[in-house]
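Contents: one structure, followed by commentary.
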Amino acid sequence: MSLKLDSVSTLLNEPDAAPVHSVTLFVALVSACIVIGHLLQKTRWMNQSVTALAFGLCTATVIILTTNGKISDILLFDEDLFFICLLPPIIFNAGFQVKKKQFFQNFIIINLFGVVGTLISFGIISIGSAKLFMKFGLTFWDQGDFLALGAILSATDTVCTLQVLNQEDTPLLYSLVFGEGVVNDATSIVLFNAIQKFSVHVTPDTVMQFTGSFLYLFSLSTLLGIAVGLMSAYIIRELYFGRHSTDREVALMILMAYLSYVMADLFQLSGILTVFFCGIVMSHYTWHNITESSRVTTKHTFATLSFISETFIFLYVGMDALDMEKWKIVKGSPGTSVAVSSTLLGLVLVGRAASVFSVSFLSNLANDSPIDKIGFKQQVTIWWAGLMRGAVSVALAYNKFTSSGHTQRPKNAIMITSTITIVLFSNVVFGLLTKPLVRLMLQPREESSEISSPKSSSALLPLLANGQDLASELDSVGGGISIRRPSSLTMLITKPTSTVHYYWRKFDNAVMRPIFGGGGEESPPNDILH
């Protein structure tokens, strides 16, 4: 049964019917995106995010043509919906699925990319836009706008690259790209929130206050996520819901995960960091305290919610790109809009390159072992992975430059349209080239060497030899040649991350697991999903 276009237009223009039809439209489109994305999965160019963006653009075009542009509310991006409903499942599942051993072994370099690299990109975009925009005669922006713009466009979206990389084939590179993506989003949002609290005039006192606020938000958000995760593990372990109903176990895990996010928002902390570390703690302790059927259910549930949210976000961004309200405001100065968008895109490329290659240089300088060094092709892949901008940038731009999704000020409209242009261009152009680039950069020989390197590295032997339980085994390594056991201080200097990981394992086995339960070190096995 089909409806005529004029009847569809009439229904969509009725205020009471609009929400129902909006939900119906988006559910149908997400379903179509999943089907088409599956069919295009093995193509050389397309991926799920680009498919969703294309669907959004086509749908928005049809709606505009059939309604004469009178229902822009359906196309409007709602940052509250994004932050409250769509983002939490994605970030929580990222923490829940993460390979914790690989993530924490590379914890220092991930934070260098995610925090230091983001700050470098933030500085280049903020200072560069402030200097270059003056040449366009755009003098009606203040320092606060430029700083906010730097934070907005420093938020990367690595979904396209992660869909191409294989976690089993390239564990190191996948860990760096994945970890940096999560930490980068958290850093960008914390930066944005901290900027909003201070005066637009930058002074030494403001910088000190900003730094203190940034560290405060970062540390307390992490601690809150860990606390809620441990609380869920203790409650489920002590009460053992599974002997009566597995549904209660699953429901409690989902609710506690979301509780960590909304509590962070309540205390004005970073919900991304909180829910990410809550996911890590839950996968390490809580997940091992529930029944086998609940493990399978939670694994499927979290992965499914994350996948649907990601598809919905890209579809939503694609539809919002053709919201006519903003484009009508900037149509009087198309040259200015193009110049601003081009300048910001150039600054994004330069800022990303400066952050990735400088951090990689420092990391390689600090690592003596060739195995731990980041090769040039890997650096190019990491650089490319962070060129895409996504829904976080759009949501922050709406938060800064609109009121309830609407604006009538030309400068704000230019910022919104420029952000959307960068998001679309980076995802469509860079996203389409991601698969060929990754295949070109990561040759089979390099992938196989990366897989074997962590396990075959002799550099880990001194660290392992420090354990009393392994001393007898390692004394016979190499045909009876004893390995000299270094001191803890020497290990901490030469292998700080691995050393901390080793002592954490001892503390975890002796103290944490007897209280909070838990099983293996790794995250819930991915083969459950297959």
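Numbering starts at 1 and runs along the chain as it is shown here.
Cβ coordinates are placed from backbone N, Cα and C, and glycine is handled just like the others.
Annotation source TrEMBL lists domain 'Cation/H+ exchanger transmembrane' at 30-439. According to TrEMBL, the feature transmembrane segment maps to 20-40, 52-69, 81-98, 110-134, 172-195, 215-236, 257-282, 302-322, 343-362, 382-401, 413-433.
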Task: Determine which recorded stretch among 52-69, 257-282, 302-322, 343-362, 382-401 has the most C-beta pairs below 8 angstroms with the transmembrane segment (81-98).
output: 257-282
- prompt: Taking 3+ C-beta pairs under 8 angstroms (sequence gap of 6 or more) as contact, is the transmembrane segment (413-433) in contact with the transmembrane segment (110-134)?
  reply: no
- line: Beyond a gap of at least 6 residues from its ends, the CB atoms lying under 8 Å from the transmembrane segment (257-282) belong to 83, 87-88, 91-98, 100, 103, 182, 185-186, 189-190, 193, 217-218, 220-222, 224-226, 228-230, 232-233
- request: Given the cut-off of 8 Å on Cβ pairs that are 6 or more apart in sequence, determine whether the transmembrane segment (172-195) and the transmembrane segment (382-401) share at least 3 such pairs.
  value: yes
Message: Can you work out whether the transmembrane segment (382-401) touches the transmembrane segment (302-322), with the criterion being 3+ CB pairs under 8 Å where the paired residues are 6 or more apart along the chain?
response: yes
Message: Using Cβ atoms and a strict cutoff of less than 8 Å, what residues sit near the transmembrane segment (302-322) while being 6 or more residues removed from its termini?
response: 26, 29-30, 33-34, 37, 48-49, 52-57, 59-61, 63-64, 74-77, 82, 85-87, 89-90, 92-94, 96-97, 159, 390-391, 394, 420, 423-424, 427, 529
Field: Same-chain residues near the transmembrane segment (110-134), Cβ under 8 Å, at least 6 residues beyond its ends
entry: 103, 141, 143, 146-147, 149-151, 153-154, 175-176, 179-184, 186-188, 191, 340, 343-344, 347-348, 350-352, 354-356, 358-359, 362-363, 382
Query: What parts of the chain pack near the transmembrane segment (343-362), using Cβ distances under 8 Å and only residues at least 6 beyond its ends?
result: 109, 112-113, 116-118, 120-125, 128-129, 132-133, 136, 149, 153-154, 156, 374, 379, 382-383, 386-387, 389, 418, 421-422, 425-426
